[in-house]
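Trainee: There's a structure below that I have some questions on.
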Amino acid sequence: MKDKYGRPVTSLRISITENCNLNCFYCHNEGCLEGDRRMATQEIAKLVEYATDFGIKKIKFTGGEPLLRDDVENIIEKISQFSLEDISLTTNGTKLAYKAKNLKKAGLDRINISLDTLNEEKYEKITGSPLLDEVKKGIDSAIKAGLTPVKLNTILLKGTNKNEVEDLINFSASRGAILQLIELEKVLPENGAIYKKYHMDLNHIEERIRERAVGVKTRWLMQVRRKYILEGGEEVEIINPMHNSEFCSHCTRLRITSDGYLKPCLMRNDNLVDVLTPLREGNLDEVHNAYKEAIRRREPYY
Ligand code: SAM
């Protein structure tokens, strides 16, 4: 289904928990407010099934930390019966070493792993935890399990990790992963001060990467993201959503919050649509209407 701006809605990003075992100081928590409900395994699966009626083909699980849910493999197994093109998940990687094989077995296609630094001290400062080694083990397990392409998500933070870009490119390539350099987003009012202090423009870094690239791929259906191929085969993707109308004009995404609301835009909480209540009441027409209404409420933020 297309929204009123002609944008097809093909991907659904589902937050399956708001709990996390890390405490990254910049985290936008997917733009979700604290909720008082939790979707059950079967409810998540049903919502995915109904979403396919509207042309959703790609599912991404997020959180909080999605691997904190014991039933994550079960959820994936259930939705992998539906006709979907892509099932992926984004994780902080701290629990991945033990889970990668089973996630693949359950039907997960690929994975994104957050990694802002290769420096243990800095990692602890950013996340509040000393688990960098666990994340590295998780990355290796994901590659071994075939959850590919594995993408490493790095938020570039002013005065913090800009000087590590080269090391992160080399590290990613050495593991056979793609590096995604992501601009810090200002999402909730609470992260305004963090944004002011740590936000940096990625243009300069992108320019330097572009100069040495031997190839560029523009992913038109993925918010016009650019992927650069470097001489040694290293792959680097740049994601710069802030004040980027082109990014919004190619957005194909709908979201579900961990407490069961359809969320038309990461940046807003004033246009949510409750989809869990009608699902729990067994009112399937209203579930469908909720999807239609959420798609109707989609608007480019920039
Ligand atoms: N815990 C999981 C993880 O680490 O991937 C899933 C939740 S986390 C909110 C999902 C992604 O959002 C991570 O890659 C994280 O780096 C990114 N993220 C969090 N806060 C952000 C912000 N303010 N701007 C841009 N990206 C952000």
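Even glycines carry a Cβ here, placed using N, Cα and C.
Automatic, uncurated: that is what TrEMBL annotation is.
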Trainee: According to TrEMBL, Arg13, Lys60, Thr90, Arg253, Leu254, Arg255 bind GTP; identify which of Lys144, Lys151, Lys196, Lys197 is listed for that same site.
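Mentor: Within the candidate list, TrEMBL flags Lys151.
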Trainee: Rounded to an integer, what is the Cα-Cα distance in Å between Arg253 (GTP binding site) and Gly64 (S-adenosyl-L-methionine binding site)?
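Mentor: Here the two Cα atoms are 19 Å apart.
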Trainee: Hey, which of the binding-site residues Thr90, Ser114 is the loneliest by Cβ count within 10 Å?
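Mentor: Each of the binding-site residues Thr90, Ser114 was scored; lowest Cβ tally within 10 Å is Thr90.
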Trainee: Whole-number answer please: how many Å between the C-alpha atoms of Cys20 ([4Fe-4S] cluster 1 binding site) and Gly64 (S-adenosyl-L-methionine binding site)?
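Mentor: About 5 Å separate the Cα atoms of these two residues.
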Trainee: Based on Cα distances to Cys251 ([4Fe-4S] cluster 2 binding site), point out the closest of the binding-site residues Lys60, Gly64, Lys151.
Mentor: Lys60
Trainee: Do any of the binding-site residues Tyr26, Thr90, Ser114, Arg253, Arg255 touch ligand 1, in the sense that the CB is under 6 Å from one of its atoms?
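Mentor: By the Cβ criterion, which requires under 6 Å to ligand 1, the hits are Tyr26, Thr90, Ser114.
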